[in-house]
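Over in Swiss-Prot, the protein carries these features:
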| type | residues | note |
| --- | --- | --- |
| TOPO_DOM | 1-16 | topological domain 'Cytoplasmic' |
| TOPO_DOM | 38-55 | topological domain 'Lumenal' |
| TOPO_DOM | 77-98 | topological domain 'Cytoplasmic' |
| TOPO_DOM | 120-138 | topological domain 'Lumenal' |
| TOPO_DOM | 160-163 | topological domain 'Cytoplasmic' |
| TOPO_DOM | 185-190 | topological domain 'Lumenal' |
| TRANSMEM | 17-37 | transmembrane segment |
| TRANSMEM | 56-76 | transmembrane segment |
| TRANSMEM | 99-119 | transmembrane segment |
| TRANSMEM | 139-159 | transmembrane segment |
| TRANSMEM | 164-184 | transmembrane segment |
Amino acid sequence: MAILPEFISQTPPVTRYIVLGTLFTTLAVNFGYVSDLKIFFNWKLFLAKGEYWRAITTFLYVGPFGLELILYLSFLLRFMSMLERSSPPPQTQSFLKTVLIVWFSLLVTSYFSYMPFAASYFSFTMLYIWSWKHPLYRISILGLFDVKAPYVPWVMVLLRWLRTGIFPLLDLISALIGHVYFFVTDFSTV
């Protein structure tokens, strides 16, 4: 039981709430408390029926409980915590702004493409931003080889393409969102 208090005290606030929200949303769907049909993002339901929670839950549901959820949560804890801690002061507000901009950008993207659940695209965008803010890190890919951080998103795109056989257009759009955000916030004089 000492794990939960330690997690709460050591995880930055925005990352903590996203991780807990993802865990609770995924468990609620998997245990049948909520149907995934009630939480996926759909513009018609969002605008016409006023189901505004869908704009948040689309980023908090990963899929069936299993290895993908565990890997996703470990990613969030590791990379998003580092990104939140390295955000400019005040850290929590700066990182929350980043998360909200990425969420909004992905929601706009979902208007033009089918993206009922955006958690994986959100994590990919955050991975892209993290990789460029921490370019000297090396990440082990499947324990087979090491890659410098800026190349990790591209290796992930290639692995998804090889695994599914489907061109990962939405991953590339997520990378573009991350690139624009990184360029505007780190290189722009505006």
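Just so you know, glycine gets a Cβ as well, placed from its N, Cα and C.
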Below 8 angstroms Cβ to Cβ, which residues of this chain, lying six or more residues outside the transmembrane segment (17-37), approach it? 11, 56-57, 59-65, 69, 72-73, 76-77, 80, 99, 117, 119
Under 8 Å Cβ-Cβ from the topological domain 'Cytoplasmic' (160-163), and at least six residues away from its ends along the same chain, one finds 171
Near the topological domain 'Cytoplasmic' (1-16), which residues from the same chain, at least 6 beyond its ends, have a CB less than 8 A from one of its CBs? 76-77, 80-81, 84-85, 91-92, 95-96, 99
